[in-house]
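Report on the structure given below.
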Amino acid sequence: ILSDVIHFRLAPRYSEAHQWRLVSLRSSTKMNRTSALVTPLLPSSCSVPTRRRYPGRANRYTKRLNLKPLTSRIVLLTRRRQLDQIVEEVEAAKKRYGRLNTIVMNSVLEACVHCGDVDLALRLFDEMAEPGGCGVDSITYAIILKGLGKARRIDEAFQMMESIEKGTALGNPKLSSALVYGLLDSLINAGDLRRANGLLARYGTLLLEQGGPSILIYNLLMKGYINSGSPQAAVVLLDEMLRLGLEPDRPTYNTLIHACIKCSDLDAAMKFLKEMKEKAEEYYDDSLRPDVITYTTLVKGFGDAKDLTSLQEVYLEMKLCDSLFIDRTAFTAVVDALLKCGSTSGALCVFGEILKRSGDDVELRPKPHLYMSMMRAFAVQGDYGMVRNLYLRLWPDSSGRISKAVQQEADNLLMEAALNSGQLDEALGILTSIVRRWKAIPWTTSGGMAAVRLEALLGFSKSILRPHILSKVIPGEPIESIMVPFEATRPLLGTLQLKNVVMRFYKEQAVPIVDDWGSCIGLLHREDCNNLDASLVSMMRSPPPCVSTTTSIGRVVDLVLEKKHKMVIVIHCCGNGYSSKAVGAFTRAQLYRLFEPEQKLLWWM
């Protein structure tokens, strides 16, 4: 019985009265000790007490857990370069949780640097470092130094390094080789080798603390020479490394292969590839074996050289390597290289393999860039069916954001494919939808050239760009011959309130505004009339579009069409300058009347 008492005294879940009741029952019924424990002995009005919860501690624990999804969300938006969305969600998180921790704010700083907004990163850095902030650490300084290096604000980066070295930096970070390497990498990526060498000269002692030069320094310098347009110098550095007793590692070989491709020396690149494989077998070191970066670099090089045979050999070697995982970047490089070599059938086979593998691995889903590359190749060949299939699968099957520029090019490529296949009516329908959706076509693009070709093939009978033909006037004549007198436009005084003349804008889209001396000072458009109690001068657009009386009709018509002006003011030329008093106006309504009744003027505007 005493042992039972001790046992139940140590159990905190039951009250003292209940514990003694259990002891008495167990002492009286020793025949079935287990049944006494199982039988419910508590009163019916009582329930089994649960662990006491402390609201304050639970909330803090919950908040700490909720910051991990926020950090993951920031990383995802950083890849998409959606900095505005990141700032909005971080501000909402601050209102919900209060002060965020350093890990979350470091991810926000990384997003700012990745998106190129270093000023915002510096402002957030100051907020973190000030009293009451979440604080800064060495990772924070590494991110800021990287951002300053990318922005070419080298003086500020060196000032921050000096403050860290003197111990006066906020947060008291320690000067480490990681900070130096981070700034060195930024300088090299920017192609500033002069300052990179200066950084090495300044902090070389710190980097050589372990008794010898680091191979990482040479790898970074090689990359710097490549970025600065001197890939031959990167190959020369290899001899210096070997003299110092440094053995090249995989990043070194990858950089050397990249330098050889930049020099168009593919034989030397293959030599380094062979050397990598031989050393890996000799030393039984898998870290020296070629990786996906090695093969992707070679694929791009053979694609630029249009060496289809070597390209196919490299791709076959990639597929036969069991330990090599071919990622989306490598597959995309293979398709692009095959298209450059003119092998559309090979590119289509690899593209099909990507789609097949993406069923099991979502990370392999092709980016919109790959769809556009395929569409460009088949549009030139006039394979309208293939281009249309790719066009329809672009939205549901691609991964990532489809920008407005990509959507426009996809529409233009669809029209170009229809035109090259001889389907003029289909191409005309696509062109009509393009004009209706995008309002304009850049003539310098392939889509613009296709539209010009389509217009030439269809002739004026089916052209949708006929409005540019003036049949009632001579384009070379001065605008003075067809302009409307300025008084006929019934200009309004700028000091008037909108509520006094509001009915005027139900009839006219734009009205000239004059000052007390009768000089035209602007145009007030119907869509800008948003305050009945405001004066007209506060809502007008100033200065108004103006031309001289000697300007040709064709030039004024082009101005109205290109800039979409609803009215152009005509002013009188006086000596070497222009008088401030307007003498006439030319409106879009007048332009409509210059064409034949059966012709339509830019109906999509």
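Every residue, even glycine, has its Cβ placed from backbone N, Cα and C.
Please treat TrEMBL annotations as automatic predictions, because they have not gone through curation.
Model, not experiment: these values are computed from the prediction.
Copied over from TrEMBL, here are the features:
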DOMAIN    539-601  domain 'CBS'
REPEAT    101-135  repeat 'PPR'
REPEAT    137-167  repeat 'PPR'
REPEAT    214-248  repeat 'PPR'
REPEAT    249-279  repeat 'PPR'
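Residues 102, 105-106, 109-110, 112-113, 116, 118, 121-122, 125, 128, 173-176, 178-180, 182-183, 185-187, 189-190, 192, 195, 199, 203 of the same chain lie 6 or more positions beyond the ends of the repeat 'PPR' (137-167) yet place their CB under 8 Å from a CB of it. Taken residue by residue, the repeat 'PPR' (137-167) breaks down under DSSP into 26 helix, 0 strand, 5 coil.
Confidence annotation: the repeat 'PPR' (214-248) carries a mean pLDDT of 86 in the model.
For the repeat 'PPR' (101-135), the number of residues in each DSSP class (helix H, G, I; strand E, B; coil) is 26 helix, 0 strand, 9 coil. Here the repeat 'PPR' (214-248) has Cβ contacts under 8 Å with residues 181, 184-185, 187-191, 193, 196, 200, 207-208, 255-256, 258-260, 262-263, 268 of the same chain, all six or more residues outside its ends. In terms of DSSP helix, strand and coil, the repeat 'PPR' (249-279) has 27 helix, 0 strand, 4 coil. For the repeat 'PPR' (214-248), residue counts in helix, strand and coil come to 26 helix, 0 strand, 9 coil, using DSSP.
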